[in-house]
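Pulled from TrEMBL, these are the features on record:
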ACT_SITE  A:Thr193  active site, nucleophile
BINDING   A:Thr156, A:Lys182, A:Thr193, A:Glu280, A:Asn403, A:Ser408  substrate binding site
Protein chains: 2
Amino acid sequence: MSHPASPLALPFPAMPPIAGVEVRVARARYKTWDRCDLTFVTLAAGTTVAGVLTQSRCPSPEVEWCRKALVLGQARALVVNAGNSNAFTGDRGRQAVEAIAARTAAHAGCQPSDIFVASTGVIGVPLPIDKAEAGLDAAFTSDLCGWEAMAETIGTTDTFSKGATTTAIVDGRTVTLVGIIKGSGMIAPDMATMLGFIFTDAAVDPAFLQRAMTAANAPSFSCITVDGDTSTSDTVLAFATGAAGNTALVDDESAGADAFRAALNDLCHQLALLVVRDGEGASKLIEIAVTGADSDRSAHRIAMSIANSPLVKTAIAGEDANWGRIVMAVGKAGEPAERDRLAIRFGDTQVAEGGLALSGYDEAPVAAHLKGQEIEIGVDLGIGEGKATVWTCDLTHGYISINADYRS
Amino acid sequence: MSHPASPLALPFPAMPPIAGVEVRVARARYKTWDRCDLTFVTLAAGTTVAGVLTQSRCPSPEVEWCRKALVLGQARALVVNAGNSNAFTGDRGRQAVEAIAARTAAHAGCQPSDIFVASTGVIGVPLPIDKAEAGLDAAFTSDLCGWEAMAETIGTTDTFSKGATTTAIVDGRTVTLVGIIKGSGMIAPDMATMLGFIFTDAAVDPAFLQRAMTAANAPSFSCITVDGDTSTSDTVLAFATGAAGNTALVDDESAGADAFRAALNDLCHQLALLVVRDGEGASKLIEIAVTGADSDRSAHRIAMSIANSPLVKTAIAGEDANWGRIVMAVGKAGEPAERDRLAIRFGDTQVAEGGLALSGYDEAPVAAHLKGQEIEIGVDLGIGEGKATVWTCDLTHGYISINADYRS
């Protein structure tokens, strides 16, 4: 975490332990840094798992491993490496994942397919097996630590540690959900953000957990973008230990299913926004709400076209109410739109309507809104009922500095 | 042209006049600047026209006007306004275009549908009709000027004037083609770049001219991107006066059709690259050649995914051979790709092959290549015969400064 904290940073919240989950961290020294970079999480017998993974056609071997292991729905341990994504490393990368799973399974007394592995960092350098194994051995015997230490350990260019928690009443029992996540560049998750991990003590059947996770992903991780660049390693995994003792959730009819889904949705929403708050170079958090579109899918595409437009993002960085650039981004999205029905607002102030600028709109509240840290852009297409909301950050000199002013 | 010239700027070439074309410029004072900002071009009776226009769903009224007028295929004058794009201005914008066409037609003694109009600049402010009319009246009576003056007059944030010329032997006669073009932000033409104008003394049937222009557009203007943002006003028009006296080109069997098409292709290629050379903040011109893809269309999409990736563009700005970001951009394109067949080169040096880094490749030529102004990235997918080449520029602090560090 070498860059100064994002101006949009939030403090790490108080997060309770989850019965059945034990976290340890260690130094594998994947880079020449003096910090923990390997996380080892043990999960009680019977823990179920679900996940969403990058849709990249060039995924890391970790993503391929998790995709296979998720089919079985059972988890006993999670290993996370930071500083090396192990992506695009051929057979040597696959061997590293297999070695980690084998060693961890031997330690935990389970099958390798019960072990989940995620890595983040530079692409193209095979994860060194010797460092991974030495790191794991150190982690196996190290003291337990808390969520914040894990959040720090999985981070790379993140400028602050990110976590969120919530609860739900399920089957008469209070279940707790916690999540931690890391960003902060190469963020345009197709099905997930870079690395996010959710733990709950609820008892949840893996198929139901997967459906709930897929549903929670759609309006959260799939609705954020920092730079439109989708990582090779995007992974969000949710683990349910069952220690809360509720009757396992198996479908929508189960007692507490709605409450659990709502809590999971809330948690994913919180985590997704934390990633945007730590977008590389971000100075403003931007919410883009598109309504009146031909369909929800069309609204989402238009919102993402706005959110990924460098001209819109730089205008917001410059606190410039340049709604012409929003018109441009709507126009280029390739989705149904009628120029002369388009309406645009900043915050609560309508600035354009019916295909042209609102004459004499009050610029003062717009200017005041744009000076803030949290910007709302509303776009109504006026042609249908489709809607979507996405979140992004502005594009500043900070992004260029982080990504151009050094050599990898 | 307030910013310093792009380091990639080229001098304006010597460009011959085209018989049947007369250029005049004037001050309409669309902005508070002391420069010519209105161009008036008269075209000899019998001039044919073809064009490609933005695919934006929110086009300017000028684009709609040209789309309609192109159906008739005849042109007698062209008016270009700089400093105000007149886009997203409702009825008042349409009225401005109609007023310009009517006044120009009255002066030229032709139909309004023979007049072509294009405007570039800020979005959302109706073009002031009084200024346009006063500017036109001044232009009608001003002295003839040359191509460079026209190129300067149509420019906005362009940092250098851009033109190109070529010739072809058609039906035993030498025909000349000249083109001028302006950039330089909001460049990801869907069918055209912001504003480009091509003039030739060849006699060309409008239907053939349109087919040739559409074909020339595909590998040139449709293969460049500065920031992935498609303008509301993209327009390229080609005018053929017929003054060279050749038998009119009507189809591919006409004498000289191949030579004319080749010359038009060459001219469009030259003009398109000039736009990239003046991309906002550009310090390097980047050619991205994708081969071995599933289809040409798929290759184009992958090449554009690379060309529009902020992480790839900032890596090149930092002279960083970060091919992992290229893998990422291939992976996110959503096109058929097999990670373990992917090969990547910088310049002539292969850096990755068969899904992993080439061990021990010589970094010296790669570093030397990346220090240059013209960068070549080659990506072979290894799965088919599809190929495409696109051009972009790097993403630098200059882009942010131009687009964020001011208020519009």
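Just so it is clear, glycine is given a Cβ too, placed from its N, Cα and C backbone atoms.
All TrEMBL annotations are machine predictions without curation.
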Binding-site residues near chain B, Cβ-Cβ under 8 Å, from A:Thr156, A:Lys182, A:Glu280: none
Neighbour count (Cβ, 10 Å) for A:Lys182 (substrate binding site): 27
DSSP three-state assignment for A:Lys182 (substrate binding site): strand
Neighbouring C-beta atoms (10 Å sphere around the C-beta of A:Asn403 (substrate binding site)): 28
Neighbour tally for A:Glu280 (substrate binding site), based on other Cβ positions within 10 Å of its Cβ: 28
DSSP three-state assignment (helix, strand or coil) for A:Glu280 (substrate binding site): coil
All-chain count of other Cβ atoms within 10 Å of A:Thr156 (substrate binding site): 21
